[in-house]
Amino acid sequence: MQTSVIGFPRIGTLRELKFASEKYFKKEISEEELLQTGKELRAKHWNTQRQAGIDYISCNDFSYYDMVLDTAVLFNLIPKRYKELNLSDLDTYFAMARGYQGTYGDVKALAMKKWFNTNYHYIVPEIEDDMKITLAGNKPFEEYKEAKALGIETKPVIIGAYTLLKLCRYTGKKSLQDIAGSVAKAYQAFLRSCEEIGIPWIQFDEPALVQDMAQEDIALFRQLYDAILSEKRKCHVLLQTYFGDVRDFYQELLAMPFDGIGLDLIEGKKNVSLIEEYGFPQDKRLFAGVINGKNIWKNHYEPTLRMVKTLQAKNIQCVLSTSCSLLHVPYTLKHEHRLSKHYTSYFAFAEEKLDELAQLKELAQCEDYHAASSYQENKKLFEQARDCVNEAVHKRLSRITEDDYIRKPSRSKRQVLQKQKLALPEFPTTTIGSFPQTNDVKAKRSSYRKGEVSETEYKEFTKKKIAECVRWQEGIGLDVLVHGEYERNDMVEYFGEALGGFLFTEKAWVQSYGTRCVKPPIIWGDVYREKPITIEWSVYAQSLTNKAIKGMLTGPVTILNWSFPREDISIKESISQIALSIRDEVLDLEKNGIKIIQIDEAALREKLPLRKSDWKKEYLDFAIPAFRLTHSGVRPETQIHTHMCYSEFTDIIPAIDDMDADVITFEASRSDLQILTSLQEHNFETEVGPGVYDIHSPRVPSVEEIVAALHTMLTKIDRTKLWVNPDCGLKTRGIPETEESLTHMVEAAKVIRKDA
Ligand SMILES: CN1c2c(nc(N)[nH]c2=O)NC[C@@H]1CNc1ccc(C(=O)N[C@@H](CCC(=O)N[C@@H](CCC(=O)N[C@@H](CCC(=O)O)C(=O)O)C(=O)O)C(=O)O)cc1
Ligand SMILES: N[C@@H](CCS)C(=O)O
Ligand SMILES: [Zn+2]
């Protein structure tokens, strides 16, 4: 029995890589210093895994920004506009990730999308017709040698050819099929180099295999790997899947010449029945994903060992593994001093998961593991009742009726009423909620949390920020204002901290994209609102202006999706509990004079099952009603907004209309406004604000550029329904670029009002 880890977090236990990268972006440290931080982190991560006794440790799971971008660069998928900047390799890489505006040119970043059903975001590689696809880099080999020099044998991991092709954007005439041959050749060259170096195992990550696969997809996969694996080799190839099951071609996959196949046995429950039904070849290794790489609850050893024993009884060569990369969980419980043992005894973060793998390996090798102390301790934990039930929450939920999910009157009637009451100009301008979370804001919150400043001082400071923000928005002529979200560390963690039933952590950071991290709260028990959460801030902001202030809330689906959920009750039940808590907040905002309320559902698309057949029953049927439950109680003239980002939601447009919001703002500028056509085709009824510029980059859009985007929008969207806003919140941006960009945006709206 052996153990394997698909990938380890890379941002650093205390976000060392984030801080070093951000310093590098600001030219405060040199390239050499940044690379040194990377080297130290890799050594630390490999040693941690070695000390835990992991047999198959990955290398090249480290990245300065994103692993999909790394794989694209490895194979020279660098669009011309970035090459033409003539920057260093590292700066070209960062220009693709973040955009570039400076001495050598002005280019936008590549698009960024959700990594399957996670809160991680990858950079979307672009394929141009005249790209020379070839093995052009050496990062995986260098990292392998670096680990080897430390005495650690590793398996280089890269994104597999099929997943890479599926994730790319094809900007020219060439399609995926047209480049499949040259991509396969480049991967062949990669494998040849591994062979030359004497690398014993490599890992191809192919999560796209758990999505619906049509016959042509299966044929493409075969075509790619028949070519990649065509040469005789000593280097073993692990085909690693995760986030679901491979039901569409399990038997064919087994017949292919891979040396190991990694299956997710947590999210891919069906994988277990596939093995049961069709077996698994004895001459291959099954990398059995038994440790949950996405959630933070301890593994329940009893069922896991029962499953492992079943596999052993079938003479399957089993390697115990994580269900996916540990990128999606925090590093360690060691830095959590505030949470008592009562709670932490139930949790395993990345490092603790390594220990679980080691313990399970030991137990699986025992003739009879039942008497082992590690097994007994785990059994006891799962037998004791957790203090997580709140009867009042259950009683309230049981009283909900069908009517509570329906807002009256119909949206078209509300739209007429709201136009009269709110008296907004045509093409109303607004923002998504947050304004720059500058260092002074973070430092003040940090001091407040440490008890260095009083609550009164913290509140006074926040109110001063709000007042400045409201005044500035009025000054440039925005129509619907926000309070700026200065009081929030994060749009989900903040609500997690305020709601009953949640726990929160001190240092449990998880990378969301690039240098940006989140600390997902933990849903420990039944959720309820203890007291009003946002009212004080919104009411204060409204007291400063005659323009409408948008109340700003996070919706139930997003709160759940960006938290670590319970595993003892259904997602549906947890979402409903959160929905009732947010409903209380919505009604309180309305009662306190807030006329427009935004309920962000940035993560609505995220947990949509990866297989279409499961969409409705296993998700949309409860996620959409949960959103409706939050706002169905408001008056017709109260305008409800929602917001979504990064999502590809062209395929669930009717479901989004069915949320029955009055206005939706969403990410669009990084994906070429493709979604507009789909909105038109579906006669989308909700008013819409497709983002007119990308906020994930410091680049400032010109007035002309925004006017052009608005003209394009007007070819697809009725002028009475179009809003003007950025892509997403401005918290990650600096003040100068924010002020300039928003001023251009308001200018552009004025131009359009005159022109259109
Ligand atoms: C909109 N997005 C979000 C996602 N998920 C969320 N949970 N939240 C989101 O907003 N997913 C999709 C997108 C994109 N994702 C992100 C994710 C993260 C950020 C971001 O800006 N993250 C910040 C951290 C935010 C935070 O928690 N801030 C805290 C702590 C600040 C801090 O670092 N404090 C220091 C001390 C500071 C000092 O003394 O000066 C410390 O703790 O050491 C806070 O403000 O209190 C990040 O920096 O990564 C953006 C988009
Ligand atoms: N209201 C939030 C939404 C981000 S998705 C913000 O503006 O940051
Ligand atoms: Zn957003």
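Just so you know, glycine gets a Cβ as well, placed from its N, Cα and C.
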L-methionine site partner of Ile432, Gly433, Ser434, Asp600 (as recorded in TrEMBL), chosen from Glu377, Glu485, Glu487, Glu493: Glu485
Among Glu460, Glu468, Glu606, Glu618 - the residue TrEMBL places in the same 5-methyltetrahydropteroyltri-L-glutamate site as Arg15, Glu16, Leu17, Lys18, Lys114, Asn119, Arg516, Cys517, Trp562: Glu606
Residue, out of the recorded positions Arg15, Lys114, Arg516, His643, His696, whose Cβ gathers the largest set of other Cβ atoms within 10 Å: His643
Which same-chain residues, if any, lie at least 6 apart from Ile432 (L-methionine binding site) yet have Cβ under 8 Å of it: Val482, Gln598, Asp600, His643, Thr665, Ile695, Asn725, Pro726, Asp727, Cys728, Gly729, Leu730
Cβ atoms near Cys728 (Zn(2+) 1 binding site) (within 10 Å, other residues, all chains): 26
Among Asp600, Asp658, which are binding-site residues, the residue with the most C-beta atoms within 10 angstroms of its C-beta: Asp600
Neighbour tally for Cys645 (Zn(2+) 1 binding site), based on other Cβ positions within 10 Å of its Cβ: 24
Neighbourhood of ligand 3 - binding-site residues from Arg15, Glu485, Cys645, Cys728 with Cβ under 6 Å: Cys645, Cys728
Leu17 (5-methyltetrahydropteroyltri-L-glutamate binding site): secondary structure state under DSSP, collapsed to three categories: helix
